[in-house]
Amino acid sequence: MAAKSDGRLKMKKSSDVAFTPLQNSDHSGSVQGLAPGLPSGSGAEDEEAAGGGCCPDGGGCSRCCCCCAGSGGSAGSGGSGGVAGPGGGGAGSAALCLRLGREQRRYSLWDCLWILAAVAVYFADVGTDVWLAVDYYLRGQRWWFGLTLFFVVLGSLSVQVFSFRWFVHDFSTEDSATAAAASSCPQPGADCKTVVGGGSAAGEGEARPSTPQRQASNASKSNIAAANSGSNSSGATRASGKHRSASCSFCIWLLQSLIHILQLGQIWRYFHTIYLGIRSRQSGENDRWRFYWKMVYEYADVSMLHLLATFLESAPQLVLQLCIIVQTHSLQALQGFTAAASLVSLAWALASYQKALRDSRDDKKPISYMAVIIQFCWHFFTIAARVITFALFASVFQLYFGIFIVLHWCIMTFWIVHCETEFCITKWEEIVFDMVVGIIYIFSWFNVKEGRTRCRLFIYYFVILLENTALSALWYLYKAPQIADAFAIPALCVVFSSFLTGVVFMLMYYAFFHPNGPRFGQSPSCACEDPAAAFTLPPDVATSTLRSISNNRSVVSDRDQKFAERDGCVPVFQVRPTAPSTPSSRPPRIEESVIKIDLFRNRYPAWERHVLDRSLRKAILAFECSPSPPRLQYKDDALIQERLEYETTL
């Protein structure tokens, strides 16, 4: 996967525009952090997030919603700036009512208890597995001991590798960004130009310290440098104060290495999440949102690690222990505890990951804890029915069970490919990603595409019902003679009743507890059917001529052409100057940082968005002097706004 490092970081005076691109122009385009003075964002309405939620990591994507009066728009084109008048709503990228609510969120006791519960689930799952493996060894059952311990080691090592790799990327990128920010403004009030990243030739008078690039799973990950606008001297002072010494960096590296060697990386991330949440409550208003979003990002990371561990360790462990129970026709207490802990861990990981994804996106409404509990019950009962069916069938047909698993995985992978998920750079990388998701589909539903999921949910669970019925029927017809109907019939009843209960909880979630549903849906004051219907511009902007638009666009085109000739690629930086402010009755604009992303939002499901948004987090958290969190604007939002501004100007 060829990734081009074309990233720049420029810090100028508050009257100029600073922008930071995503370091993969071949795939993801650019990320631009616009300087203060731009209008604040307005709205986006919710839709179903892929993966049960939305991005993990700091990103918010959005649609244009013009429901909040006086909110202002994002960086407009043609010099209009997309400013909303007092009577109309601003066309922007994130719903103002939703976004302001996110900024006012605070770390609560329930958040802390939820994370502690996740730690308890993790210890119960891994602890019972290790305890059972030791019990098998002491009883001389070496084959079962080896299989049980193998799945524990496989899941733990995989999680530690991913966790340490993310630490290396985050730590190295943070050091590079702080060093660049510290050296960018040697004197107060001086113009600063700092370029961070490798790639094309550096411009005149620009320094280019390289930043490591991280690529994980089947996604392209890019390093992001960020700029602080309007506060040159203070920003440089704070950045230089945060620059770590060599001894401090060595101690951090040593500590993290020991933590991950001892297989405690996931536990450390859980407690680090709690620490960041407590810091967000104890910090001032300017630092509160920064620590809060760091906590959200960290929890998204550890939730993804938990999800990875469950499908590498808990799911096969659960099937293995149930097969042993069926073959031996006996149930030990420790085996029952191990199976129950693995089942709870699977359901918890899916529900917790969806909550983390929705919490990390500012265009999505967060899921309430009651909704998460309903989702947990949904996955708990459907996965329970699935693994019990697998255990019954595998106890009689070991070879055919393996063939069935491979065949089901192939069908699910082909179906996912047919859904046309779009994330990876090449078609073959996309297919590899779909193959990984196909493993999850063996046990449970996992949304991989944004939009309505009703039809796909119906197809998936209808296929699962047919498979469970066929496997259970074959087991009942060919079961061992010593298995009486007194055991077989209750087992079949448990399978189908558990599946039916899970489907009922799923319907309850979508009917009553989904953030877009009737109970927690948008209020009438924030619901916008048609963004264009509510889009209005101030009189002085609406009466501007097409000539001014053409002039401004010609300036941008010349600048983009210069970058294109220098870099030898299509320009990815499209920074549009805002309209000059004139004395009028226009309400004052709220100073805000806007990160523009040259991507279409709806093409990036939540599972894949986690990888992309881990790159965005550095741009978001680098606005150390910003009084409020920066807003993200995606490519489709800009297109809608440009069309509306063009039609209004005409």
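Don't overthink the numbers, they just go from 1 along the chain as shown.
Cβ atoms are placed via backbone N, Cα and C, with glycine included.
The feature region 'Disordered' is assigned by Swiss-Prot to 1-44 (among others).
Among the features that Swiss-Prot reports, compositional bias 'Basic and acidic residues' is placed at 1-15.
What Swiss-Prot records for 21-31 is compositional bias 'Polar residues'.
Long-range Cβ contacts of the transmembrane segment (114-134) within its own chain (Cβ-Cβ under 8 Å, at least 6 residues beyond either end) map to 145, 148-149, 151-152, 156, 266-267, 270-271, 273-274, 277, 299, 302-303, 306, 310, 313-314, 317, 321, 334-335, 337-338, 341-342, 344-345, 348, 352, 369. What Swiss-Prot records for 114-134 (among others) is transmembrane segment, and it gives sequence analysis as the kind of evidence.
Marked as transmembrane segment by Swiss-Prot: 144-164 (among others).
Sequence annotations record features per position, and here Swiss-Prot assigns region 'Disordered' to 200-238 (among others).
Feature annotation from Swiss-Prot assigns phosphoserine to SER200.
Under the heading compositional bias 'Low complexity', Swiss-Prot lists 216-238.
The transmembrane segment annotation in Swiss-Prot covers 248-268 (among others) and is backed by sequence analysis. Same-chain residues lying 6 or more positions outside the transmembrane segment (248-268) and placing a CB less than 8 Å from one of its CB atoms are 119, 122, 156-157, 159-160, 163-164, 167, 171, 175, 302, 305-306, 309.
According to Swiss-Prot, the transmembrane segment annotation covers 306-326 (among others), on the basis of sequence analysis.
Beyond the ends of the transmembrane segment (331-351), by six or more residues, the same chain brings 52, 118, 121-122, 124-125, 127-129, 131-132, 135, 303, 306-307, 309-311, 314-315, 317-318, 321-322, 324-325, 372-373, 375-377, 379-380, 383-384, 387, 443-444, 446 to within a C-beta distance below 8 angstroms of the stretch. According to Swiss-Prot, the feature transmembrane segment maps to 331-351 (among others), an assignment based on sequence analysis.
Within the chain carrying the transmembrane segment (365-385), a Cβ under 8 angstroms from the stretch's Cβ atoms is held by residues 46, 52-53, 98, 105, 110, 114, 343-344, 346-348, 350-352, 354-355, 358-359, 443-445, 461, 464, 468, 494-496, 498-499, 501-503, 505-506, 508-509, 513-516, 520, all 6 or more beyond its ends. Swiss-Prot lists 365-385 (among others) with the feature transmembrane segment.
Through the fold, the transmembrane segment (396-418) approaches residues 390, 430-431, 434-435, 437-439, 441-442, 448, 467, 471, 474-475, 478-480 of its own chain, all at least 6 residues removed from its boundaries and within a Cβ separation under 8 Å. As annotated by Swiss-Prot, transmembrane segment applies to 396-418 (among others).
Swiss-Prot lists 428-448 (among others) with the feature transmembrane segment, giving sequence analysis as the kind of evidence.
Within the chain carrying the transmembrane segment (457-477), a Cβ under 8 angstroms from the stretch's Cβ atoms is held by residues 382, 385-386, 389-390, 392-393, 395-397, 404, 408, 441, 445, 488, 492, 495-496, 499, 503, 506, all 6 or more beyond its ends. The annotation transmembrane segment is assigned in Swiss-Prot to 457-477 (among others).
Taken from Swiss-Prot, the feature transmembrane segment applies to 487-507 (among others).
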